[in-house]
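S.K.: Submitted below is the structure of interest, expressed as structure tokens.
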Amino acid sequence: MWEYDPVMFSRLLTELTLTFHIIFATIGVGVPLMIAIAQWVGIRKNDEHYILLARRWTRGFVITVAVGVVTGTAIGLQLSLLWPNFMQLAGQVISLPLFMETFAFFFEAIFLGIYLYTWDRFENQKKHLLLLIPVAIGSSASAMFITMVNAFMNTPQGFELKDGVITNIEPLAAMFNPATPTKVAHVLTTAYMTSAFILASIAAWHLLRGNRHIYHKKALYLTVKTAFIFSFASALVGDLSGKFLAEYQPEKLAAAEWHFETSTHAPLVMFGTLDENNNVKNAIEIPYALSILAHNHPGAEVKGLNEFPKDEIPPLYIHYLFDLMVTIGILLTIVSAIYWLGKQLKWKWIMSKPFLALLVAAGPLSMLAIELGWYLAEVGRQPWILRGYMKTAEAATSSGNVDTMLVVFSILYLILGIASVTVLINMFRKNPVEKELAERSLEQGGVS
Amino acid sequence: MTLEIIGISVLWLFLFGYVIVASIDFGAGFFSAYSDFAKKKHILHKIIQRYLSPVWEVTNVFLVFFFVGIVGFFPKTAYYYGTILLVPASIAIVLLAIRGSYYAFHTYGKTERNWYLLAYGLTGLFIPASLSIVLTISEGGFVEKSGETLTLLYKELFVSPLTWSIVLLSITSVLYISATFLTYYANEAGDMKARELLRKYALSWSGPTILSALLIIYQLRHHNPEHYNNMFNVAWMFVVSFVFFVITIYLLWKKKRYGWAFVSLVLQYAFAFYAYGISHYPYLLYPYLTIYDGFTNKTMAIALIIAFIAGFLLLVPSLYLLLKLFLFNKKYVKGQL
């Protein structure tokens, strides 16, 4: 039988809510930027196809925003409901970015409402672009502020704790902690990358199904090109994140890499298995790569897991999360680079079915990498909720009924997930591009 | 004025903002659903949809603002209320989630389902009921503290007449506030049929609203005498509130100045809401938590207030733009845009 353990159930419920919320939050951060880019390209090229692209993306975006808003409200409240001891302590240091996140979100919500309901109100398309800029800024700013909170939990600073009493608080030092630059940069670039790949998947799907409309070709080119730029940027930031970990959270890096003994010239271990004595088997080893990742020098010393107290190291399965995330990231960077190069050199096969199928998979794969990356970041700081200050078990609620709530929310997310997918599919099936273009009598773009 | 008072006043303002905008939203949802079953959909649907569409997202933010703000200014509330509210707050989250997302699915995804409309209308009444539980709990007597463990006494909460008076007030207020606002809005749109129907709703919900408010004051006398006595110190505010109530009813009855009728209604609620809040002072959760022992450190309080002012300088012009483009734009309200 299960024994009621509020800590475990609180962790599960938080994990469930965040896993679900992150899908919509990532789209919420990246898609407004893509909409603004499409609108801008449309104005610059005086091409109605791009304007229509922006509008159709927005229509789908509204559905994802709604689910993002309600699940965001859920996690916002759950922070206090499930982790009251943590919020009581950290709330004194970190409420500033939390507060600012709400402001950014408020700002975004206002302008999204205006943009949605003024579609045909202004003759000048530039006015619509001007409305999209605050939406994109607001969504990225809220991602930035909330990531600062998470960064603080990884590398807390800006306060002193003496016998459970917090003093000498510096809100700005807490916000701009060592983890902030790499975390914020990685969250933003990967959100842009993932959103671009998801939109690319949709275009590739239509082309794969045999619809050769120029609209979809333009959409694919725009999205994959953007996705390439952002995946390249994500990889760069990812490398910086590795160096950050080596310096500030060596136990997370060591667990992710199964690096047990402190050594110089450390190899990077990919995949493989562990036996009961923590010996790595069946792995691919890339010599010196870990030393380079950690300190930019093949001979650098990398701290091993054995140096840390046993009760302060994270679970070793995060190794797989790390490897999968990185593999997907590199794979997608290469795929988008090939497509872009192929476009320049007029390779025919980049429009072949197998390659299009690969592009269809890119969106979901990218989202999977986002989830894996968050699991890595969060599980990797176990057993701490506030690294070095408060363990997860001390932070959880003592309340009963967390198990029941877990069931209730599981059902809720299942229903919301199914409903949003159904609604989105119906929305675009009933109103295909050709129909909408004909309605706008702008078919002069032509079918190639 | 101390930082504590500034903090709680700001938060109370946001909660009040939420009460008004959410009431309009919840009530509109209920009337929209009800009109469908009463075969009056053709009268009300358009006017309600036109109002709700550009603002539904903004409504939610007021609530988020309040609960993020209260944890910021008063971190101890996270511990006290967080521990005891797990079940009631989770219920409210689920209802809000269903309502918010299904509004979007329906409006933008064009799903036409009757059972959905029914759920949408009913959640609009259950949400204020589940949220108002917090007000009941804050009056004390429903939380048991032994050592470091806090337990919510569900049975006491469920059988208390105070609980049900507050629930009653929240539901009747939602319907009353919403109907009065929509009467004004329909009048602006020149939609006389909708205006007459909504005016009728507004007038018929005004009585139950004021009765349930009186009922609460009566209940408090027995439940929390300290709070009850404090109410007499601000008795004039309740009187002013009542005068505004009469003005609203008069204007609605005489079919004139619907805009002022709504303004007067907002003032009625503002005075009652602040009077209730002031008389609750200094407790956040009677008798365990006051605004003094739960307050954040001074540095953070100042930082929060600065952030608040900066944010407000950004928000007010944006909100003004939103209102100007939709609420106070005759062409939009009339459906010509």
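Even glycines carry a Cβ here, placed using N, Cα and C.
When I checked TrEMBL for this same protein, it listed these features:
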TRANSMEM  A:20-41  transmembrane segment
TRANSMEM  A:61-82  transmembrane segment
TRANSMEM  A:94-117  transmembrane segment
TRANSMEM  A:129-153  transmembrane segment
TRANSMEM  A:184-207  transmembrane segment
TRANSMEM  A:219-238  transmembrane segment
TRANSMEM  A:317-342  transmembrane segment
TRANSMEM  A:354-377  transmembrane segment
TRANSMEM  A:406-428  transmembrane segment
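So where do these features actually land, and what's packed around them?
M.R.: Here the transmembrane segment (A:61-82) has Cβ contacts under 8 Å with residues 10, 13-14, 17-18, 20-21, 24-25, 27-28, 31-32, 35, 105, 109, 112, 116, 396-397, 399, 402, 409, 413, 416, 420, 423-424, 427 of the same chain, all six or more residues outside its ends.
Residues 32, 58, 62, 65, 69, 72, 128, 131-132, 134-135, 137-139, 141-142, 144-146, 148-149, 152, 171, 174-175 of the same chain, all 6+ positions outside the transmembrane segment (A:94-117), place their C-beta atoms under 8 angstroms from a C-beta of that stretch.
Nonlocal intrachain contacts for the transmembrane segment (A:129-153), taken as residues 6+ away from its ends with a CB within less than 8 angstroms of a stretch CB, comprise 25, 28-29, 32-33, 35-36, 39-40, 43, 54, 90, 93-94, 97-98, 100-102, 104-112, 114-115, 118, 174-177, 179-180, 183-184, 187-188, 191, 377, 381, 385-387.
Long-range neighbours of the transmembrane segment (A:219-238) within the same chain, counting only residues 6 or more positions beyond its ends whose Cβ lies under 8 Å from a Cβ of the stretch, are 34, 37-38, 41, 50, 53, 182, 185-186, 189-190, 192-193, 196-197, 199-200, 202-204, 207, 326, 329-330, 332-333, 336-337, 339-340, 343, 359, 362.
A Cβ distance under 8 Å defines the sequence-distant neighbours of the transmembrane segment (A:317-342), meaning residues of its chain 6+ beyond its ends; these are 193, 197, 224-225, 227-228, 231-232, 234-235, 238, 252, 255-258, 269-271, 349-350, 355, 358-359, 362, 365-366, 368-369, 372-373, 375-376, 379-380.
Same-chain residues lying 6 or more positions outside the transmembrane segment (A:354-377) and placing a CB less than 8 Å from one of its CB atoms are 18-19, 22-23, 26, 150, 154, 183, 186, 190-191, 193-194, 197-202, 204-205, 207-208, 220, 224, 227, 256, 318, 321-322, 324-325, 328-329, 331-332, 335-336, 339.
Residues 9, 12-13, 16-17, 20, 56, 59-60, 63-64, 67, 70-71, 74 of the same chain, all 6+ positions outside the transmembrane segment (A:406-428), place their C-beta atoms under 8 angstroms from a C-beta of that stretch.
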S.K.: By a Cβ-Cβ criterion of under 8 Å, what residues six or more beyond either terminus of the transmembrane segment (A:184-207) are in contact with it?
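M.R.: Those are 25-27, 29-31, 33-34, 57, 140, 143-144, 147-148, 151, 213, 216-217, 219-220, 223-224, 226-227, 230-231, 233-234, 237-238, 240-241, 332, 336, 351, 356-357, 359-367, 369-370, 373, 433, in sequence order.
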